[in-house]
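Participant: Can you read through this structure? Questions will come right after.
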Amino acid sequence: MSWGTELWDQFDNLEKHTQWGIDILEKYIKFVKERTEIELSYAKQLRNLSKKYQPKKNSKEEEEYRYTACKAFLSTLNEMNDYAGQHEIISENMTSQITVELARYVQELKQERKSHFHEGRKAQQHIETCWKQLESSKRRFERDCKEADRAQQYFEKMDADINVTKADVEKARQQAQLRHQMAEDSKADYSSILQKFNHEQHEYYHTHIPNIFQKIQEMEERRIGRIGESVKTYAELDRQVIPIIGKCLDGIVKAAESIDPKNDSQLVIEAYKSGFEPPGDIEFEDFTQPMKRTVSDNSLSNSRGDGKSELKFGGKSKGKLWPFIKKNKLVSLLTSPHQPPPPPPASASPSAVPNGPQSPKQQKEPLSHRFNEFMTSKPKIHCFRSLKRGLSLKLGATPEDFSNLPEQRRKKLQQKVDELNKDIQKEMDQRDAITKMKDVYLKNPQMGDPASLDHKLAEVGQNIEKLRLEAQKFEAWLAEVEGRLPARSDQARRQSGMYDLQNPPAVNNCAQDRESPDGSYTEEQSQEGEVKVLTTDFDDEFDDEEPLPAIGTCKALYTFEGQNEGTISVVEGETLYVIEEDKGDGWTRIRRNEDEEGYVPTSYVEVYLDKNAKDS
């Protein structure tokens, strides 16, 4: 089977067929190219999808991925990212091994086809030229024969005519001979051209055209085989990534099998457990009998003089005297100054003020009046910590030291310390950048004024100092939680030492207190009788409560000699913590460290309140 023998007369159809074959090859190349674009687009969309649902760094979503279900989802996202990578490999391999190779082969194929058909057309033109020569010689031979025949007839006619001269007859005879000779020459030429044409025609149909068509056939068969190889490669490239895609899917299945509902439930407990016990039963309060909740001046005076105070509370245990207020707040209520503070001095040092600030103790209201007001202004509540939790839930306020979260406190404090350290680092980087810019300005004054950066440097320095004070505060709380510092109950006890010295411990007929592991109180009812309360009982009752948290910082504008009870001495330029704002009486309560706190005139300090403290 050969195109040269079977299709010797189908030159034009073969030309059309081979062009159609090249078009098919180009169409397949276009198909593969579009497939690679689809693979790239699909891989890109998969990567974008995986990236879209990846947890953001330093966000709340990172905490959610502690759970096994979320970890499995994260593994699925990672596997899908790898899955997308395999589709990118398919696209790259198809482009390099199919599209590029076939595109180059098509160009070579076009050149080869052009060469073959150019050779075929050249052979056609040659045989057509030979045919034209044959036809020309044939027509000339035919014409010469006719001319010779007419010349012979004319000679014979002249020779038979007696009236024609001998010269005319001789002329006619010579003309006839010339025509016969021309006819013989044309015959010989025609015969030669005919033989040559027959030879060329034989060579054309039996040698040249078969060879050319054979080459075209081989070219076409190579094209068809190349398409087959490309289709096979197309499938193999897909097959090569199937094992890796299978591993990706196996990874997803493995991640799904790693989901542990029990473990996730335990993580929820660890994340949100408060450590509190459910509230107990509410006791019945009998309003049919009046409750004696006021204290006489004499009894309170006797407690100062005799070291005893007999208060009747209808048989209630001492744990229910003041469960709704911290000891340091009680001390603040009983000792805070109620007279106007001294004005700030006109000189740089307030030591020039005569006699210094007046003692807040001299014009203090009678202690019994304060006591009665305190007792009658607050309702009795079962448990201080229950009240604290209730207020936090109702008002949405969280203590700055997270003391309302026994189980989560350390974690929250550590997070706060980390956040503050990051903020400090940012401010320090900003300070370094401004310093470098200032150095550049100093070396190249034309670029800017170095003095213009001093204000920014001072502002950044103040921010760093504030953040460091804040970080130290939270680090102190964190150290306390981790047991590196003494508990604040001991510090609170030291702060109430002046009451302990004035009142020796003596408790009679008092119910025993017990504290549950979560910090709530359980109480046992004692028999009806009198409860003799001392200030030391307050210390025992509230030893586990923390002092007031700092709500900001302050800087001393002047030196203040706090020589009177309830006040504290400060030095000009000193930085201290603010634990209680000015309530309108001109005094601000501050703390130097865990052991020293007291009141100073508000006009003597510059206060910087924390935003969180203002909101709460």
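Glycine too: its Cβ is placed from the backbone N, Cα and C atoms.
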Participant: What range among 155-186, 443-474, 475-506, 539-570 does TrEMBL describe as coiled coil?
Facilitator: 155-186
Participant: Which range is it, out of 46-73, 102-129, 270-297, 410-437, that shows up in TrEMBL as coiled coil?
Facilitator: 410-437
Participant: Across the coiled coil (155-186), what is the average pLDDT of the model, as a whole number?
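Facilitator: Summarising the coiled coil (155-186) by its mean pLDDT gives 86.
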Participant: Can you work out which residues elsewhere in the same chain, 6+ from the ends of the coiled coil (410-437), have a Cβ less than 8 Å from its Cβ atoms?
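Facilitator: For the coiled coil (410-437), the far contacts come to 401-402, 448, 453, 456-457, 460-461, 463-464, 467-468, 470-471, 474-475, 477-478, 481-482.
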Participant: Please count the residues of the domain 'SH3' (549-610) that DSSP assigns to helix (H, G, I), strand (E, B) and coil.
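Facilitator: DSSP composition of the domain 'SH3' (549-610): 3 helix, 29 strand, 30 coil.
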